[in-house]
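Asker: Right, I'll just put the structure down here and ask away after.
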Amino acid sequence: MSIAEWSEADLGVQGRVLTVVRAPDPVLSAPSPPVDPADPSIVQLAADLVATMRVSPGCVGLAACQVGVSAHLFCVDVSTHPKTRTSHGTFVLCNAEVVEASRKEKGREGCMSVPDLTGDVKRGTRLTVRGLVPGGGEKVVIETDAFEARALQHEIDHCAGFLFLDRVAGAHAVYPRQTYL
Amino acid sequence: MEPVSLIAVTVIGHDRPGIIADATAGLAGLGLNLEDSTMTLLRGHFAMMLICRGDSSPAAVEDALAPLAADGRLLVSARAVPDEDEPGTPGRPYALTVHGGDRPGIVSAVTRAVAEAGGNITDLTTRLTGELYVAVAEVDLPADADEHAVAARLREVGADLGVGVTLRSQETDVL
């Protein structure tokens, strides 16, 4: 299947807006276990993640641990972000992993779970990721770049129990967040 | 007091526009040349440290900067320091992040583990925002240090404190 054609309507359930947890909540620092993409509770969680992302201004991705659930899935939608080149629209991936990341570049990242800080993080700007689509469980491979690549690496890090703070470039690469989106 | 060549100056206290301009004007007036300096705000307090060189004395620097401290809201100190040799064999550079719930003793426990591994911290910032405590350090590990063992030991120390600790190699691209 083409992930770009996917939409949350394919899940067949109504998403609910969940509360986003903040560091130092321990759920954010633990690796999330793999999930069964066909499990109805995972399908519901996928819809909930998208619904929560949609109502959060500026949010381009949300991992399950950010709503307090230790489960290896996340949603992404960078389609309206100015730094985006390639975009696959809205999608949710289960058990996703980075296959290849190259051409690392530094960029400033924030996170809904760390609302008061931002940081400079080097990420690959050419990225290949594979994962499973919730519901049908189809295997997909996504090749992307630029901001979508950064968002995917940020979310996959969440699933491994890492925040952008664990990747910042150095002692002077963490900044107080100036504006709240 | 005898003139010395290298003087360490610290200025810390209530922030306002113009502190750096005033302080460095005082140093320039004594013919001192600024070498390395760093300045930041620590929970809103102005904090500056610098090393300057020239034929002056710490007492003369403190006199020249006395107007800065006149209202009692800034502390100024000047001390003679020796020239430091560059380290002979530089270690391998790493970045270290600690984050978790705030509690006393996080920085001391983690930096103790770094020191026990022969690691030298070359830069450190810490921040407290709400309940979240974040420390990011730059660490030079000895060339023969086992980075995986050091990282594992740091994670152990972090687990005892209930905080996450990550150690990662610092990439340098020489162009």
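Just so you know, glycine gets a Cβ as well, placed from its N, Cα and C.
Curation plays no part in TrEMBL annotations; they are all automatic predictions.
Sequence annotations record features per position, and here TrEMBL assigns Fe cation binding site to A:Cys111, A:His154, A:His158. As annotated by TrEMBL, active site applies to A:Glu155.
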Asker: Are there any residues at least 6 positions away along the chain from A:His158 (Fe cation binding site) with a Cβ closer than 8 Å to its Cβ? List them or say none.
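Answerer: Counting only residues 6 or more apart in sequence, the Cβ neighbours of A:His158 (Fe cation binding site) under 8 Å are A:Leu28, A:Ser32, A:Ala63, A:Cys65, A:Gln66, A:Phe74.
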Asker: What's the CA to CA span in angstrom from A:Cys111 (Fe cation binding site) over to A:Glu155 (active site)?
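Answerer: Cα of A:Cys111 (Fe cation binding site) to Cα of A:Glu155 (active site) measures 10 Å after rounding.
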Asker: Give me the non-local Cβ neighbours of A:His154 (Fe cation binding site): same chain, 6+ apart in sequence, Cβ-Cβ under 8 Å, ordered along the sequence.
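Answerer: Non-local contacts for A:His154 (Fe cation binding site): A:Gly61, A:Glu109, A:Cys111, A:Val121, A:Arg123, A:Phe164.
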Asker: For the recorded Fe cation site, whose residues are A:Cys111, A:His154, A:His158, find every other residue on that chain with a C-beta no more than 8 angstroms from the centre of their C-beta atoms, and list them by sequence position.
Answerer: A:Gly61, A:Ala63, A:Gln66, A:Glu109, A:Ser113, A:Glu155, A:Asp157, A:Leu163, A:Phe164
Asker: Tell me, by DSSP, whether the residue listed as 'active site' is helix, strand or coil?
Answerer: helix
Asker: Run through the Cβ atoms and count how many others sit within 10 Å of the one on A:Cys111 (Fe cation binding site).
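Answerer: Its Cβ shell of radius 10 Å holds 25 other Cβ atoms.
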